């Protein structure tokens, strides 16, 4: 993997800097590095493809070295270099696609394609000019089964989940009380509702709770917490739990009371926030527990009082909600990130070349299914294909 990264970094620099008119002295170190790459690769043959619709291609390396010059690089010099650069880039592109198309149940972090396996050989260790990539560093740690640390802007840690729980129900569905939620990506929205606006609840207060368990622990998370759940702020028709009928939800939004959010790790509370909104920090957690209340307003204007009558029918439904959004966090496991294109790149290649479903990844790289059943095998394979995708993105836009 280090060799693949070094090749890509060298080729990217060469493509950007070996241009007509450039002083040779400004790129002499790069050209020496480029020539070292050619010397190491010359005389070797590789094969890529042969999976799905990814065509088999054979690669032979027999290129001349770039010479020295006292002055500026002329058109002939650059044209000669371009021919070599374009062939190498095409090779790297195909190695990356070949690697992204493959998976393995055991040791999925190791190279799976024939070409990348060959590049891992001892004879190519001289191509190791730059090992500064964050993904390469983490791939090395994962490969040695040591602690890794990935900084994500918006980690897609929550599998998609949208449902409701009724704490009070009737066959007519005309006096309900319960919670509904939508968890997806890096955001949780949860709402508590009571058609009767807590008229018969103790002290006219309804208590709600929402617990979300993460598939992997997060650390040093920056989180936005808001006293509202906008996705549950408009009328809708909802299918009943048994699918036999539908019921009408017509929310009127109240501000939640006594909001408390707990961040737990292995069942132990690490951070707790009470009635605090905006930006909060969670140190280390694998579970989020939200507690909040719906309180019937003790004093109401006639207009508000008309919304919440003392008895049925209840045409407007008192609702309170929370939004919790993870803006950034560190995770020891590789995850898709809303601000990165790695998952999209891998999925696109696998779809374009009709890669058959293997033993590890779900059909279509379905992220909800993948993260819901996030096994060590999937983690290893994701680490590898995301690393390859990050390398490919240097050259292929």
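Placed from the backbone N, Cα and C atoms, the Cβ positions cover glycine too.
Given the structure is predicted, the values throughout are model-derived calculations rather than measurements.
Residues or ranges marked as region 'Interaction with the inner capsid protein VP2' in Swiss-Prot: 62-73. Within the chain carrying the region 'Interaction with the inner capsid protein VP2' (62-73), a Cβ under 8 angstroms from the stretch's Cβ atoms is held by residues 18-24, 27-28, 31, 34-35, 38-39, 41-43, 80-81, 84, 87, all 6 or more beyond its ends.
All protein chains shown were included, and the count of other CB atoms within 10 Å of the CB of residue 153 (Zn(2+) binding site) stands at 14. Marked as Zn(2+) binding site by Swiss-Prot: 153.
Look at Swiss-Prot and you will find 266, 286 tagged as Ca(2+) binding site, backed by sequence analysis. There are 10 other Cβ atoms within 10 Å of the Cβ belonging to residue 266 (Ca(2+) binding site).
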Output, ordered by sequence, the same-chain residues six or more apart from residue 286 (Ca(2+) binding site) with a CB under 8 Å from its CB, or 'none'.
-> 213, 214, 216, 217, 218, 264, 265, 266
Write out how many residues of the region 'Interaction with the inner capsid protein VP2' (62-73) are helix, how many strand and how many coil, based on DSSP.
-> 0 helix, 1 strand, 11 coil
